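Now, the feature entries from Swiss-Prot:
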type	residues	note
ACT_SITE	Lys171	active site, proton acceptor
ACT_SITE	His290	active site, proton acceptor
BINDING	Asn119, Thr169, Lys173, Arg291, His323, Ser375	substrate binding site
BINDING	Lys197, Asp199, Glu200	Mg(2+) binding site
MOD_RES	Lys197	N6-carboxylysine
SITE	Lys330	site 'Transition state stabilizer'
Amino acid sequence: MVQAKSKGFQAGVKDYRLTYYTPDYTPKDTDLLACFRVTPQPGVPPEEAGAAVAAESSTGTWTTVWTDNLTDLDRYKGRCYDIEPVPNEDNQFFCFVAYPLDLFEEGSVTNILTSIVGNVFGFKALRGLRLEDIRFPVALIKTFQGPPHGITVERDKLNKYGRPLLGCTIKPKLGLSAKNYGRAVYECLRGGLDFTKDDENINSQPFMRWRDRFLFVQEAIVKSQAETNEVKGHYLNVTAPTCEQMMQRAEFAAEIKTPIIMHDYLTGGFTANTTLAKFCRDKGLLLHIHRAMHAVIDRQKNHGIHFRVLAKCLRLSGGDHLHSGTVVGKLEGERGITMGFVDLMREDYVEEDRARGIFFTQDYASLPGVMPVASGGIHVWHMPALVEIFGDDSCLQFGGGTLGHPWGNAPGATANRVALEACIQARNEGRSLAREGNDVIREACRWSPELAAACELWKEIKFEFEAMDTL
């Protein structure tokens, strides 16, 4: 009897699409799904480009290797299961890729991003590659702690309901001594704000070391709380050169009983952020997250990572607040797209909605929500639009719009608080802030000289530029 010869190892190079393009595949509930905007080089078919993305972000490499025979590639490979042309774009495609759950370490955003947005983004066969959206399976989400506390617990801690929270970034962002910094914090909190904030640039520079800042700020918080009978807070930035120093600062903040700390999650990194989020839950600290560096990653349409993905990743990694743009201020943000990722930050379940850039239905499986923070070039005339756009579960941050008041910091804070309370009352009475917002502010000016002065100062300040991030 003659035995058939085994095919054995077949060395060589073959097209990615022969293995990784599987249009008949139906994604499983346990698959992690990703949507990439792919711009192939001229002459590269979209099927080959999509398959290359699936291969290079999972099990593939440029040539067949002998060790492929030592595992079950069909079990572990990524699969490009659908390709759609991008509307109104030439030679650009949405490629949908499914990744098996076993490719990712439990509870690690770092590992997920290392795989999905790793070396493939430098692939020569592609002119551009952007990760537009991602669907985390419930089985993977349940391995994450998520936000230290979430929106509901934060409101209970603050005893503040039925309105957005009000904040302010202390300016100038660099150069103040710790004592003068604490003075500005006190004036803003006494004037009516709920929070003040370290700028993302503030860490521990020669003009103001972190420990001095923490102590003067905490003194300001305690004094303003005693005078106003309201819970107050300041986002103390614990971002540091090393994780050990970051945790040292966080532990000191917990010792002095400050209510909330802050982290720059993209420059600090997801490993550091997840570590900090777990610490904050254990210690009862709220965690404010700044997105410094995000525009380097997400602003270009054809290459990078969309902010909705970065926001989803932050919700898994952990944070109670996250900056999300303003729509109406000085920073980039188109309304529909912004509200799409705001919903992804704070809702339990979000349906697919292509009009808002949401490519997948996302179930967060009871993971706490993240409060969006609107900050950047906003002032009292923007208040009606901000309340109408973001609703109650948000934090509105006025930096220059508080500290730039002609009468000083405390009157600037009072002007913003009066404008907010007037908008909430008008909304609750059934008035439309979209149509009557300016009238609501003008009426409030009659009984608030602080607001009247702010309105006069900023009556002609607008930031009207076309958003780059559009569908």
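Each residue's number is its place along the chain shown, starting with 1.
In case you wondered, yes, glycine gets a Cβ from its N, Cα and C as well.
Features recorded in Swiss-Prot, as mapped to the structure shown.
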| residue | record | contacts (Cβ under 8 Å, 6+ apart) |
| --- | --- | --- |
| Asn119 | substrate binding site | Glu56 |
| Thr169 | substrate binding site | Thr196, Lys197, Asp198, Asp199, Ser375, Gln397, Gly399 |
| Lys171 | active site, proton acceptor | Asp199, Gly399, Gly400, Leu403, Gly404 |
| Lys173 | substrate binding site | Asp199, Asn201, Ile202 |
| Glu200 | Mg(2+) binding site | Asn237, Thr239, Asp264, His290, Ala292 |
| His323 | substrate binding site | Ile289, His290, Arg291, Pro372, Val373, Ser375 |
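The Mg(2+) site is set by Lys197, Asp199, Glu200; from the centre of their CB atoms, other residues of the chain with a CB within 8 Å are Thr169, Ile170, Lys173, Asp198, Asn201, Ile202, Tyr235, Asn237, Met262, His290. Of all the recorded positions listed (Lys197, His290, Arg291), Arg291 has the fewest other CB atoms within 10 A of its CB. Over all protein chains present, the Cβ of Asp199 (Mg(2+) binding site) has 18 other Cβ atoms lying within 10 Å. In the three-state DSSP scheme, Asn119 (substrate binding site) falls into the helix class.
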